[in-house]
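Worksheet for the structure shown next.
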Amino acid sequence: MVTPWRLSVRVCLSHLRCFEFRKELGHSRPLGCSRNARLCWFLLGTLPKLISAHGSVGEGAPGSLCQRKTHWSDLAENGLVEKVAQEGPLARVLLCLRLGLRAGVLLAKFFPLLFLYPLTYLAPGLSTLWLHLLFKATETSGPTYIKLGQWASTRRDLFSEAFCTQFSKLHVQVTPHPWARTEYLLQQAFGEDWGSLLFFETREPVGSGCVAQVYKAFASISLLEEDRIWRLGELSAPGTRAVVMQREPFMKDRKPSENLADEAFLEKLLLPKADLGGSEVGVSQAPWHLPKSDHLIPVAVKVLHPGLLSQVSMDLLLMKIGSKALGLLPGVKWLSLPEIVEEFEKLMVQQTDLRYEAQNLEHFQHNFQDMASVKFPTPLRPLITRDILVETYEESVPVSSYQQAGIPTDLKRKIAQLGINMLLKMIFVDNFVHGDLHPGNILVQGADGVSPSLEMQQQQVNVCDTLVATIAPALCPLRLVLLDAGIVAKLQASDLRNFRAVFQAVVMGQGHRVAELMLHHAQANECRDVERFKAEMATLVTQARKNIVTLEKLHVSSLLSSVFKLLMTHKVKLESNFASIVVAIMVLEGLGRSLDPTLDILEAAKPFLFKGPASFL
């Protein structure tokens with residue numbers, strides 16, 4: 001809230017705002033004035049903005065210059081309605097108009113499908129057509145509904161197998177937003193001379209999803225020691241102003257903090273570069289001009305689409321209203337739709353704040369620091385804001401490229417085994433699972449350098465002295481690279497024990513035990529015939545293992561798919577993270593068996609299930 005004295009200062013000095021255009025006009029100050037006079041001149045034009053926009057003048061002010069006035073935390077904690085209510089009646093009227101227009105568009109797309117749904121019971125072909133139309137309607141309804149469709153495809157305990165299979169393909173390449181928007185966000189986050197930090201060879205993104213688009217660029221290592229970079233640390237962690245940075249290997253000594261009492265800092269902050277004739281800071285380079293390559297590292301720059309927060313918050317508000325209305329229907333009451341929307345809202349909060357993804361990447365790097373076969377991009381912690389994520393660019397090949405014919409069988413088998421070991425470690429050792437493990441987010445490095453002698457050398461190095469492996473990059477070990485860590489799943493300690501017990505029961509063929517554990521873990525259920533549910537689960541597990549000589553012939557993904565179908569039939573609803581981890585197992589096993597048909601995930605899981613996670617380490 002702006003206090004009266006700040007308001008008076010802003011009003012009295014509002015005519016000085018024309019100094020914003022001092023660079024272009026060139027006559028905002030007399031030529032030839034002294035250094036102190038020039039500094040005072042620009043302070044008069046800029047200081048009122050600092051005071052009116054921020055609560056105080058001190059060390060915190062410069063760092064907060066890059067922050068946006070409207071934060072997602074405000075929408076998440078206070079709600080869109082409460083926030084608009086504080087802005088006056090006109091804002092409320094505009095919100096109602098926008099909500100009405102958005103609701104009208106969504107009704108025009110989805111209400112005819114709801115009206116036609118009874119026809120799907122007449123013929124399987126009509127059901128397939130209806131699902132296709134629903135897919136297209138979701139695909140064109142914006143990022144919130146695209147993410148909702150992707151998330152719903154993981155809830156096989158709630159939706160049919162055909163629905164989940166169809167919507168698991170919902171990975172949309174949207175039209176990228178203009179370069180001008182990206183340039184605006186870069187300038188807002190890193191200052192007008194952002195071109196001295198990031199260098200773009202092209203303005204065209206390498207990919208554009210429903211939430212953000214990604215550019216390939218180069219980051220200057222030498223300039224990461226600039227004083228202003230330390231102030232960017234305030235934007236690098238959600239909910240905190242602490243500067244959390246990875247200094248090594250990029251930074252050595254931290255320079256002292258600067259504040260508004262430092263005259264040199266004020267001049268550097270407020271004056272245009274043309275006025276700093278004697279300064280060591282030069283004119284910023286054009287974004288597409290590359291200096292010497294030995295001072296650069298390739299990076300991926302992820303930028304959120306414009307207007308994303310506003311659209312997502314509005315769609316979530318409509319979803320909450322719709323879920324409460326649909327929750328009154330007897331047939332869907334057991335789904336607890338308002339709770340589902342709340343779970344999805346948490347997911348969208350993380351998707352629309354790239355600092356969460358940076359935290360997840362660092363968490364994964366810590367978990368896999370002793371496992372050279374799995375790698376994650378390194379977020380450049382100073383260059384991270386709510387809207388922009390800068391991370392190392394990993395030159396890799398998509399894992400789907402190795403599903404083709406002509407790839408050596410041994411290489412396919414090694415890649416499949418790496419993927420299964422990676423997933424089992426995430427689940428049973430770390431309890432921190434990547435929540436979006438589709439083939440597009442899994443890449444392969446070092447496949448060209450794999451040979452029997454190399455593999456033997458790697459094993460010897462890993463056993464005797466891991467430090468040797470880290471200083472011998474010529475070995476180029478085979479490893480997986482995982483991208484897009486914005487969604488993760490983790491279980492409570494009791495839930496993890498229950499999850500391990502479920503897998504133990506599957507291995508032992510104890511169908512009744514599987515049913516009991518599922519019922520015990522269910523978030524909500526309306527199972528009216530518990531004994532029948534247990535009997536059908538026992539039959540399901542027994543039939544899956546019937547006439548199977550070895551467990552490697554058992555397709556866990558097919559078994560789990562049947563389990564989900566049974567859960568949906570008896571209205572047993574699992575906790576969302578529990579379901580997400582099960583789906584991750586199904587996806588990885590399907591991918592692994594496409595590379596190695598003899599892959600045995602249950603055999604690989606035995607050390608985790610019966611000996612505990614310590615046996616893996």
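Each residue, glycine too, has its Cβ placed from N, Cα and C.
If you look up Swiss-Prot, you'll see 103-123 marked as transmembrane segment, on the strength of sequence analysis.
Sequence annotations record features per position, and here Swiss-Prot assigns domain 'Protein kinase' to 200-609.
Look at Swiss-Prot and you will find Val206, Gly207, Ser208, Gly209, Cys210, Val211, Ala212, Gln213, Val214, Lys302 tagged as ATP binding site. Long-range C-beta contacts of Ala212 (ATP binding site), restricted to its own chain and to partners at least six residues apart, with a cutoff below 8 Å, comprise Lys302, Val303, Leu304, His305, Leu354.
Using a 10 Å radius centred on the Cβ of Asp436 (active site, proton acceptor) and all shown protein chains, the other Cβ atoms total 21. Residues or ranges marked as active site, proton acceptor by Swiss-Prot: Asp436.
Other than Val206, Gly207, Ser208, Gly209, Cys210, Val211, Ala212, Gln213, Val214, Lys302, the residues of this chain whose Cβ falls within 8 Å of the Cβ centroid of the ATP site are, in sequence order, Pro176, Pro205, Val303. Around Val206 (ATP binding site), the same-chain residues at least 6 positions away in sequence with a Cβ under 8 Å from its Cβ are Val214, Tyr215, Lys216, Ala300.
A strand conformation is recorded for Ala212 (ATP binding site) in the three-state DSSP classification. Straight-line distance linking the Cα atoms of Asp436 (active site, proton acceptor) and Ser208 (ATP binding site), rounded to a whole number, equals 17 Å.
When every Cα pair among Val206, Gly207, Ser208, Gly209, Cys210, Val211, Ala212, Gln213, Val214, Lys302 is compared, the largest distance found for this ATP site is 14 Å. Cys210 (ATP binding site) is surrounded by 21 other CB atoms, counting those within 10 A of its CB over all protein chains shown.
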